[in-house]
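Student: What TrEMBL shows for this protein is this:
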type: DOMAIN; residues: 17-300; note: domain 'NADP-dependent oxidoreductase'
type: ACT_SITE; residues: Tyr49; note: active site, proton donor
type: SITE; residues: Lys78; note: site 'Lowers pKa of active site Tyr'
type: BINDING; residues: His111; note: substrate binding site
Amino acid sequence: MAPVIKLNSGYDMPQVGFGLWKVDNAVCADVVYKAIKAGYRLFDGACDYGNEVECGKGVARAIQEGLVKREELFIVSKLWNTFHDGDRVEPIVRKQLADWGLDYFDLYLIHFPVALEYVDPSVRYPPGWHYDGKSEIRPSKATIQETWTAMESLVDKGLSKSIGISNFQGQLIYDMLRYARIRPATLQIEHHPYLVQEELIKLAKREGIAVTAYSSFGPASFLEFNMKHATAMTPLIEDEKIKAIAAKYNRPPSEILLRWATQRGLAIIPKTTREEIMKSNLRSVEFDLSQEDIDAISAFDRGIRFNQPSNYFETDQLWIFG
Ligand code: NAD
């Protein structure tokens, strides 16, 4: 049986899922279909990934062919920053559901704790970070409380079974727990041996919030953005210490990195377009690392975060996130 994590909302979430960031539109429907065939049931999408229509087509084909039923899938999507104003949340979720061809999401997350001015989907979709589509950053006045209250009404209306957050840090989580009528079911964070996030994971565990790890292979996801601290580092799957641990278990280094995360209790959502890699990533829960090896991998921690908004902008625009 594929392992699941029990959420505070009462639902079971598969511990191993499939990420949809940077899956090209041209191949996306096929990739999703093949991933379902390979055994994936959780798909991690977002407005910002710009491929929700194609993801929906892959799901529809798999359902049509009888590979899965809708209720066996766990579809995750995310609220983009430009839709944080309370009255913008429900309309955009309805659009995203229509794009997927679904009646409900299993989990819907606030993608970043960053509120930007509304951009109408008829002007540009997905809107991205910049108001003008080029360089201008325009904040919105929406607080997280305003946005979370609107997220809670999605559960009331049956548009999402569970709701959660992504890229939130400890203080903000404590703040929202003071007013949340529905607690976040999950927290999705960057997590790899260079960013172990020990304290944040402890906090989430204490508060009954499940944690999903993204970018499990560290710098690998960020090389294409030419981020200097990503290109300057040894790729984790080529690191000699990781390779030595992998050899002990007769597993590829990628499975070692994924197992390190799942044995810490986290869910994972790696992405690949190659079927043999899809299967390998799923198989990563089929063996156990020793505590000694888990500790050796955790000792890689350097507190290096690649996916922070300021890494994508010119320095004179950093004020908004400071
Ligand atoms: P990833 O772990 O999916 O992939 C990083 C790179 O490693 C990709 O090039 C991938 O093709 C490759 N890869 C995958 N499996 C491999 C294997 N077994 N061996 C060798 N290479 C392999 O990283 P990611 O895309 O950063 O994150 C995964 C998912 O997490 C995304 O698709 C997205 O759904 C989610 N995500 C969320 C956020 C957020 O802000 N909430 C940010 C980034 C990613």
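Cβ coordinates are placed from backbone N, Cα and C, and glycine is handled just like the others.
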Student: Name the secondary structure element type, per DSSP in three states, that contains Tyr49 (active site, proton donor).
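Tutor: Looking at the DSSP assignment, Tyr49 (active site, proton donor) belongs to a helix.
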Student: Which whole-number value in Å describes the distance between the Cα atoms of Tyr49 (active site, proton donor) and Lys78 (site 'Lowers pKa of active site Tyr')?
Tutor: 10
Student: Output the one of Lys78, His111 that, of all these recorded positions, has the highest number of other Cβ atoms within 10 Å of its Cβ.
Tutor: Lys78
Student: Including all protein chains displayed, how many Cβ atoms other than that of Tyr49 (active site, proton donor) lie within 10 Å of its Cβ?
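Tutor: Its Cβ has 22 other Cβ atoms within 10 Å.
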Student: Grab the pLDDT values for the domain 'NADP-dependent oxidoreductase' (17-300) and give me their mean, rounded.
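Tutor: Reported value for the domain 'NADP-dependent oxidoreductase' (17-300) is a mean pLDDT of 97.
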